[in-house]
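Look at TrEMBL and you will find 20-40, 248-273, 305-327, 347-369, 396-416, 428-455, 476-497, 702-724, 753-771, 791-811 tagged as transmembrane segment. Taken from TrEMBL, the feature domain 'ABC3 transporter permease C-terminal' applies to 256-377, 706-811.
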Amino acid sequence: MVTVRRLVIADLRHSRASFIGVFVAVLIATALITGLGVLFESGFRGGLEPQRLAGAPIVVSGPQSVDVIEDADLPLAERAPLPKDTASRIAAMPEVEKVIGDRSVPVMVGGRPVIAHGWQSAPITGLEIVDGRAPTGRGEVVVADGSGLSVGERTVLDRAGRRVDVMVVGTVDDIGRSDDRPADVYLGDKMLASIAPGSARVLAVVPREGQSPESVADRIRSAFPGVEARTGSSHGDTEFRDAGAGRAALIGISAAFAGTCLLVALFVVSGTLSLSVQSRHRDFALLRAVGASGRQIRGIVTREVLLVAALGAAVGVAPGYLLASALQWGFVEGGVIPSDFELSAGPLPAVAACGSVLVAAVVAGLIAARRPAKLDPVDALRDAAAPTAAPHRLRLVAGILVGAGGFAASAGPMMAEGEAARASSAGAAILLIIAVALLGPWLMSAMTAVVGVVLRGTRAPAPVLAAASARHDTRRLAAAVTPLALGIGLGLVQLGAPAITADAASAEVRVGVTADLTVRHPGGLAPEVIDDLRDIQGVLAVNPLTATQAVAQYRMVDDDRDTRTTMSLTGVDPEALPATLDVGVRSGHLTRLSEKNTVAVSTDFASTARVDVGGRLVGFFGDGAPLDATVVAVYTRGLGFGATLMADHTVRAHTESGVSTQALLSTEPGADVASKVADMGLTAVAPSDDPADRAEAEQQGWVNTIALVVILGYIAVAVVNTLVMATTQRRRDFALLRLVGAKRRQIRSMMRIESLLVAGAALVLGLLVAAPPLIGLSIGMGGSAVPTLPLVGSILVVGAMCGIGLAALAAGTRVAMRGAEPGDVD
């Protein structure tokens, strides 16, 4: 044991350059996994601090999420209503002093978006009148001090297109809202009810003196099953409806992101360790020749890896938390999470990251040490002179099988519909990446054989040397090419898949929108405004659209339990559909949407949920109310118009605002409807590629961009680390070339040619990874075999990866040449 320990320490001192590469790879992997772990943990423990409701001892609301077995709960898109008479029944409890209802109604005052509340709820916040008085009658409003409006000033209050002249009668203290959140204004309770009928969905409960908020909250939860009663800082989740969406986004993004990052980290760490072990092949051969057992060799490698990886993991923890903050900033900029969402920076992500990376490093080290541990002691030194023996045939068989699976999965979108089709495309890319890594030596052998013919045909020294060098050690070349190909392939898939989906959706919208005008308003369109639009001369049909989300419940294939998932739900006017929208009905009749409890579903969703005309769709509306509807139609243009359609009045009844998102107008030829709509304070434009709210698609594109930047950044550092490490290990080769008469200029020229070969091979293999899944997805979604790729982004990805490879090889060559003197050959 003492001998092995001494050997480990001596090896670490002697092979510092080799272990620095391993240290860097483990450090970055730990930082990346820690950062994602912080985001994942924040999805459960992070949140928003309360602002208006911070002073309320207890805050009561309806359930804000739907339970999902063995998974994170799904947040509701709308604020759930409270059961009838909840406020009065809680107020009647002997432990309760008083109950104050609170409503939040989005409006515009003076052209600025704000949130209107009834003055009755002002005591919750502890606000005091700074100037003027409280609102008492219709047409009176109290604004925050510093809003730019002063007492006595008249302005316009706009509620979903309904405009009312109001006068500022008072100002209150600014409670310090976040910059990206609308300010608060206060109306008389009767006026608030007139512009937005409804009951309070949030209650502030004040216990009687001597009663603890926690015990009273427990009594409320017992008396009203399903109702949420929060105390302390958890009020923020009730006050801000986007808190739940932010949590779900962080959980979903980090979970999906983590799989790809773990795969990349595994490739990088294992590749670096393989190079490290290979660089010390002669040392292990000598140990075997003097009697070291295979177990001792594995023990040496394991201890070395543990020491270096433990140090790298410990150093990588702090950058991981900084990375989480950087990712938080990116998601805030993209509108994925609110700017005031606070991350939870506990120790668990660091522990999980260090543990997973250490396990991966040790396993990779043991795999890399298998060959030197199995060497026959007599043949060890002879084998040390040629350390690049052919890989095991099992690796070849595994690579072929995985590659075949990747090509088969690429055809999934052409044969299936729904989420399974898109998932098969993503899975195909992962399988092909693994296949390229497994088949790297054989692929590089074939490519160098072809390129070698051309290089040798030049008869110039540098090309001939480059061909011989590449042909001699294809495993080393594959180790250099694989991370570059991984970056190119993964980058193109990350760019191409969303672009193909968005292009297919835009095509469906262009064909499907038959209306002449799209009418929008920042606060939506109230039912009275929709009626006013119908009364405009020249308008033939008005189709109000209400976009929200619901939760579907269905049973997956080969699963005996129901699953729940979020689905888009759009409200439409069945009578106006023929004149405004063509969603591509494949079966059934959309006119039946006017019947009670009916729904139309897209072909994608029908395939995923396994429903058809005449079947039942069950789940929950956006406000948590049970959904049980009969499928009356199946349509094909689900990418452009969402997963499900229902009657607009039904959908609006289950939204907190009760207004439509926008309206499509069919008009008489030559009628000047747009100007009349503008006179109403609304915006009327010709239908574009985006008639509905595309915020979710934009957010997904931003998430993909962030993921791409982080992954490619990691791969870029790993590529530099691997290539410099691999090139500096060739000092003996360069010294031997110098011994036989090669000049430094010729060696550098040889390495330039070899670096071009590496970049070219990486480009070819990267395209081999990206092309099949993208082509399959493009054919399946749009019917075109030529996938849509963002030109600038694709050029940047390919150029960055190839450029980094060339630069890293050049840097490694310069370092290796410093000690490559003829006398250094031993």
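Note that Cβ sites are derived from N, Cα and C of the backbone, with glycine treated the same way.
All TrEMBL annotations are machine predictions without curation.
When DSSP labels each residue, the domain 'ABC3 transporter permease C-terminal' (706-811) comes out as 92 helix, 0 strand, 14 coil, counted as helix, strand and coil in that order. The transmembrane segment (347-369) makes contact with the transmembrane segment (305-327): 3 or more of their CB pairs lie within 8 A, with pairs spaced 6 or more apart in sequence. Contacts between the transmembrane segment (428-455) and the transmembrane segment (20-40): absent, as fewer than 3 C-beta pairs lie under 8 angstroms at sequence separation of six or more. Long-range contacts of the transmembrane segment (396-416) within its own chain (CB-CB distance under 8 A, at least 6 residues past either end) are made by residues 422-425, 427-432, 434-436, 438-439, 442, 607, 772-773, 775-777, 779-781. In summary, the transmembrane segment (248-273) lies against the transmembrane segment (702-724): three or more C-beta pairs, each 6 or more positions apart in sequence, are under 8 Å. Within the same chain, the transmembrane segment (476-497) stays apart from the transmembrane segment (20-40): fewer than three Cβ pairs sit under 8 Å, each pair at least 6 residues apart.
Among the stretches 20-40, 305-327, 753-771, the one making the largest number of Cβ pairs under 8 Å with the transmembrane segment (702-724) is 20-40.
With a cut-off of 8 Å between Cβ atoms, the residues of this chain six or more beyond the transmembrane segment (20-40) that come close are 250-251, 253-255, 257-258, 261-262, 265, 268-269, 272-273, 275-276, 305, 308-309, 311-313, 315-317, 319-324, 326-328, 343-345, 348-350, 352-354, 356-357, 360-361, 710, 714, 717-718, 721-722, 724-725.
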